[in-house]
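One structure below.
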Amino acid sequence: AQELSLGVDFADIYKNSDLYRRNKALIEDLSKPAPGAKELYFPTQYSQSFLTQCTACLWKQHWSYWRNPPYTAVRFLFTTVIALMFGTLFWDLGSKTEKIQDLSNAMGSMYAAVLFIGIQNSSSVQPVVSVERTVFYRERAAGMYSAMPYAIAQVLVEIPYIFVQASVYGIIVYSMIGFEWTAAKFFWYLFFMLFTLLYFTYYGMMAVAVTPNHHIAAIVSSAFYGLWNVFSGFIIPRPSIPVWWRWYYWICPVSWTLYGLFVSQFGDINELLEDGNNETVKQYLRNSYGFRHDYLGLVAAVIMSFAVLFGTIFAVAIKMFNFQRR
């Protein structure tokens, strides 16, 4: 309004002034780097090394889990209660292998425990991972650390908790159900329970990593629980599964868990079954379920590979996918 009343253009006056020319010359002079100067350069995107980032993220996750009793403490309490329930429900069935029905009951206790505890682990970890991922988006945007150290820390922090969980469950159930007390069979039982709980937990984490939130992850993952149940090899033994569906048995994690548990506990028993058509326990497992004790090492390797596979997919999905809406 002042320019209109005076009939002048102050911007034009400034462009034609000595001050404008001096400022322009000064800017051009300051824009030229000094002789021998180098461009600003950072050797890495992050200030700390990959290993230091992993250590920091693991320390962060440790305290996050330690200060989350609704997840950690409740999981241990739930496991203990379920172990006592299953132990009293299947009391001393592990030592009864004279009849097919007794043997089936003992194997059924393992089948029920694997699905019950495993699905509980997978479901309970999903809200925790979903909340942690929201924090991760903010801290990654601030340049604190990259995706892989965060994902590796999230995978590693679960191991000690699941180890304690599997040990508590294994000791209670193994003693109450009355499986054979030999060091080899006891540690095989703990081994298979440990890696089974690991891959179930990592499966729940993976489901969250590939979906926008834990609500959708719960829907997607629950569909596979039913398939794993059907193709576990207990409800329908592998020899009875149609050939065109048998491929899913081999890629079903639960089928390998039951294979390992059944074979490690009963696969070397050469006592005759009272109602088994002159079959030993070992022969019955091989003829009816297709289980062989000499494949125990291979089964153990496959179980470990499932845990590694789900953990790896979780880490890659965290790095590749971004479901942040803002």
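Counting starts with 1 at the first residue shown.
Just so it is clear, glycine is given a Cβ too, placed from its N, Cα and C backbone atoms.
TrEMBL entries are annotated by machine, without manual review.
What TrEMBL annotates here:
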| type | residues | note |
| --- | --- | --- |
| DOMAIN | 52-266 | domain 'ABC-2 type transporter transmembrane' |
| TRANSMEM | 73-91 | transmembrane segment |
| TRANSMEM | 103-120 | transmembrane segment |
| TRANSMEM | 151-174 | transmembrane segment |
| TRANSMEM | 186-210 | transmembrane segment |
| TRANSMEM | 216-235 | transmembrane segment |
| TRANSMEM | 247-267 | transmembrane segment |
| TRANSMEM | 295-318 | transmembrane segment |
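Beyond its flanks by at least six residues, the transmembrane segment (247-267) meets 94, 97, 103, 106-107, 110-111, 114-115, 118, 179-180, 184-185, 188-189, 191-192, 196, 199, 203, 227-229, 231-234, 238, 241, 281-282, 285, 289, 291-293, 295-296, 299-300, 302-303, 306 of its own chain at Cβ-Cβ distances under 8 Å.
Residues 114, 117-119, 121-126, 129-130, 133, 154-155, 158-159, 162-163, 165-167, 169-170, 174, 179, 217-218, 220-221, 224, 253-254, 257, 260-261, 264-265, 296, 300, 303-304, 306-307, 309-311, 313-314, 317-318, 321 of the same chain lie 6+ residues outside the transmembrane segment (186-210) yet bring a C-beta within less than 8 angstroms of a C-beta in it.
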